[in-house]
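What TrEMBL says about this protein:
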type     : residues          : note
SITE     : C:Thr47           : site 'Part of a proton relay during catalysis'
BINDING  : C:Thr48, C:Ile204 : pyruvate binding site
SITE     : C:Tyr110          : site 'Part of a proton relay during catalysis'
ACT_SITE : C:Tyr136          : active site, proton donor/acceptor
ACT_SITE : C:Lys164          : active site, schiff-base intermediate with substrate
Protein chains: 4
Amino acid sequence: MNFSIKGVHTAIVTPFDKDGNLDWDSFEKLLDHQAKGKVDGVVISGTTGESPTLTVQEKLALIRKARAYLPESIQVMAGAGSNNTQASVEMAKLAVDAGADSLLVVTPPYNKPSLNGLKLHFSSIATATNHPICLYHVPGRTGQLLSAAELAELCAIEQVVAVKEASADISLFSRAERISQANYLSGDDFTFLGSLAVEGDGVISVVTNIYPQAFRVLYDAFKAGDNPKAARIHKALLPAIEVLFYESNPGPSKAILANKGLCQNYFRAPMVPVSQESYAHIMNVVEDTERALSDLGVEV
Amino acid sequence: MNFSIKGVHTAIVTPFDKDGNLDWDSFEKLLDHQAKGKVDGVVISGTTGESPTLTVQEKLALIRKARAYLPESIQVMAGAGSNNTQASVEMAKLAVDAGADSLLVVTPPYNKPSLNGLKLHFSSIATATNHPICLYHVPGRTGQLLSAAELAELCAIEQVVAVKEASADISLFSRAERISQANYLSGDDFTFLGSLAVEGDGVISVVTNIYPQAFRVLYDAFKAGDNPKAARIHKALLPAIEVLFYESNPGPSKAILANKGLCQNYFRAPMVPVSQESYAHIMNVVEDTERALSDLGVEV
Amino acid sequence: MNFSIKGVHTAIVTPFDKDGNLDWDSFEKLLDHQAKGKVDGVVISGTTGESPTLTVQEKLALIRKARAYLPESIQVMAGAGSNNTQASVEMAKLAVDAGADSLLVVTPPYNKPSLNGLKLHFSSIATATNHPICLYHVPGRTGQLLSAAELAELCAIEQVVAVKEASADISLFSRAERISQANYLSGDDFTFLGSLAVEGDGVISVVTNIYPQAFRVLYDAFKAGDNPKAARIHKALLPAIEVLFYESNPGPSKAILANKGLCQNYFRAPMVPVSQESYAHIMNVVEDTERALSDLGVEV
Amino acid sequence: MNFSIKGVHTAIVTPFDKDGNLDWDSFEKLLDHQAKGKVDGVVISGTTGESPTLTVQEKLALIRKARAYLPESIQVMAGAGSNNTQASVEMAKLAVDAGADSLLVVTPPYNKPSLNGLKLHFSSIATATNHPICLYHVPGRTGQLLSAAELAELCAIEQVVAVKEASADISLFSRAERISQANYLSGDDFTFLGSLAVEGDGVISVVTNIYPQAFRVLYDAFKAGDNPKAARIHKALLPAIEVLFYESNPGPSKAILANKGLCQNYFRAPMVPVSQESYAHIMNVVEDTERALSDLGVEV
């Protein structure tokens, strides 16, 4: 399939207002922030986007808005995964109609199908849409760890053009990438730079919600052969990457974005704002990180 | 809250016909099988019941049918969990209206809220229904392992009268049970007998789909002080318990039940029938198990 | 092989004086404490006995002393394992000559041989001594987790009459026990009572260094069919079992025993006394535990 | 401390003859192979060198020989770790006297001391020798996983100039390296290239026993900014890296080296030669790997 997913993508948060409705003003600000950061793509209604508590209509509205608002050069990927194949097929078709350039499809969480079941799931969505799919492998959330060989088998489906590999195991990442017909993007900000060294193709990131420019510069530097520069940015970002999981994601991300005026600090249950103690810690890390990034000439 | 969940409960499979519709004839047979096996309760639309691919209307129909069809002495518990608090609240209220005696509520899988988020989730459902809740702790599916102290905090919610503890870690089971205001039932057939020794209160079982009588006799023997008898049944069942996860659950269970004429071997994607090779292995184990159970005087 | 290892065994600490020498006065007190607690056996130079820092001559002296000092009814098991087969064979022969009734042989830690290597290791010791062996399976220390089938294969060696199973996974314990020609003893105090329910044969314990009587009564109660009594003692002991690993074992054990005047709080590096903060916490738990045990009529 | 450990180091196998004695002819061949491969250093009596079954005298003889035989430009590091501090101090002093340029000291396996115990262990060796130490962190063998902060605390000991980090977790590697005063070398061939991207300083490798030139070229290419070349070699080597752990290390390594005439396929128990089935598989992988490396212009 002639569609390539690579570079820096942001699994964007979904902004809510105090009544729990979608906050469109903030969404525009967040998209502006991404466009200014020159990311290659955004992911709508991923995990960081609180997809479990969005309705289908809301997801489609977000996709439409993102596609209409962003320049064409920025891809819009839409979360369409679930542990129900029929529901995923329907969501995928609607997402394509709404303008999504590609689909993010997680291996079914919780019910953890057999390999035959996984093949059926991905091929059903692929056949129904004939649209580019990014398979999402995140065993820490789904409860299912696939082997390199199993990942490669799923990548044999033509429409599976990319994998968001979030096992945080760079050995698995590399062994799977080697034998798969698909791009491999890191789904774990900690291992992004390491994954580039083993021919990873990019990242679907949480930290770029806040610092898109940082991973933009890191990625471009690495691709230009300037690994030392990439490594300096990586190290400057490490504390921020860590703090984004200080409480359940996207708690810390939204706290920071709200502090910057890019969204409001509201969530849909079961997600909640971080505690006051966590908040203070998070903001200290942010301050240190931004000083370190500024010292490296990265805009924050 | 004055409602007790204990003893032997079956997380019952959901039977489908070849068109993927609910197979009501088989459902009656399965309920008859449970009633004959003298279980203390059945769980409708649990994981084994392929809850991810059931509609709300189907779940309610199954609850109504089970409650109407089974004698009052057999409790009907309804799966009402998800990773969306509002959806769980709504499902819980409808399940209560449909006649569910209690609710099975898993810790939100995949998005894995913070402890504050978990408290909000369970207390929202508790407040909205004021109905008995069995908290389901299954880190292998949700990606979230709670500590004994965290489980105890959630059990402080009055309506949380029971925990289905499926970490398979009997040390955690016991440490949590000791400090919690709730009954603890094993959610892992392998560790059921061991959990009884540390004052576990029962089981929510997969293997009782097929052999309800076996765990009935095991439980009653243990409670009567006849641990040797309980242990003999436990050991006779071990190969069957193991084989039920030879492929993704409920693949093997339905294969066996279909073989016995109690349902048909149909699934909703992404779940699929076991492979032919697995099928042959499973049936060999079944044959050996039934011989062993018969030798112990357990009806199969 | 006609030798049975079962019941309550203590992996006894090795007492040192302030110069780091063996403290024979304390050793007698510790043995008296075990004899008074009516254990079925003691293990000399196990992990809790700081075996890595004992010389062969010291180990033999401890074995000789224990065998001579204790009544015949109390078995003396000697740690003879290592990751060097020849060294283990030599140590095993010397231990037998020194009077050990049986040998504790861990699966080689750190170098983690293949199954063929494991067979060679255990059969070499078995052949050289023709003495009863208790295989020690402790993946959390050795880095090697064996399957039930692998454990059963090693138990096919005639002299392997028992397994100290310390994976803390009662499912593995039970599946392995079912297919093995050997007694299975728990090597994990948390899961001891649970293991009895699935036909475990006893325990090799850390907590009995301090409270031998507690597990004596628990074991006898369970075997007499009084599981409720056994469970009450189990629950009273849980906080103490937990606190013994609050820092590296045997740090907390020796701190408590020293506080009781049964040994001195000295270690050989790299083991060290617990910190002052830990000490205070440990002693609080001890106080609560002893009150709870006394309430149950267990001598402490 | 003014001594730097970086680049490509080989944890060299220890060759035995059919009677189990050190095979000096093969040792010379192996050293020649390393020198020809232009490694930066060799490690004597590491895990791959079957250190658990070498006597102190044998270790010293190997160190003396390696130091005398190799050009000065190739560092000789000597394994001096154990779980007995006094024994490690003595071994370390002897190793220094025998000519070792630096010491490899693993965190005490099996007895897993507290952080205070670890500090005592490493500072005792550091003080006794005042010689450069490479701390070895290999939780899969020792049973002890340290945090980034704990690793950094141990690196505060002046003589700890390097860490062989073999958790295979590149996130931990990077977070620890960022806050430590020490070089970080990968101890896991799979993650070597990824670790370089996050400012890792080199590798202590198994696969370089066979293909030293490959990691030499990979390392130099990466440092010269030619990541694509480094990545091609990495990918060509992946199947070989994997196959070296197809059975317990160093089983496969010695099988391959023996096949090349560089040593004999003998081991000391509990290590054993690989099975015939494994042997055939290993040799197939070797053939494919060497073709791939040759295609890349790497000498094999």
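First residue shown is number 1, and so on along the chain.
Yeah, the Cβs are placed from backbone N, Cα and C, and that goes for glycine too.
Within the set of recorded positions (C:Thr47, C:Thr48), the lowest number of other Cβ atoms found within 10 Å of a Cβ is recorded at C:Thr48. A separation of roughly 15 Å, to the nearest angstrom, links the Cα atoms of C:Thr47 (site 'Part of a proton relay during catalysis') and C:Tyr110 (site 'Part of a proton relay during catalysis').
A distance of 14 Å separates the Cα atom of C:Tyr110 (site 'Part of a proton relay during catalysis') from that of the residue listed as 'active site, proton donor/acceptor'.
Using a CB-CB cutoff of under 8 Å against chain D, the recorded positions that qualify from C:Thr47, C:Thr48, C:Tyr110, C:Tyr136 are C:Thr47, C:Tyr110. Neighbour counts of Cβ atoms within 10 Å were compared for the recorded positions C:Tyr110, C:Tyr136, and the top value is held by C:Tyr136. Reduced to three states, the DSSP call for C:Thr48 (pyruvate binding site) is coil. Here C:Lys164 (active site, schiff-base intermediate with substrate) is compared against the recorded positions C:Thr48, C:Tyr136, C:Ile204, and the shortest C-alpha distance is to C:Tyr136.
Cβ neighbours within 10 Å of the residue listed as 'active site, schiff-base intermediate with substrate', excluding its own Cβ and spanning all shown chains: 27. For C:Ile204 (pyruvate binding site), the same-chain residues 6+ apart in sequence whose C-beta sits under 8 angstroms from its C-beta are C:His9, C:Thr10, C:Ala11, C:Val43, C:Gly46, C:Met77, C:Leu104, C:Cys134, C:Lys164, C:Leu185, C:Ser186, C:Gly187. Rounded to a whole value, the Cα-Cα separation of the residue listed as 'active site, proton donor/acceptor' and C:Thr48 (pyruvate binding site) is 13 Å. DSSP assigns C:Tyr110 (site 'Part of a proton relay during catalysis') to coil in the three-state reduction, placing it in neither a helix nor a strand.
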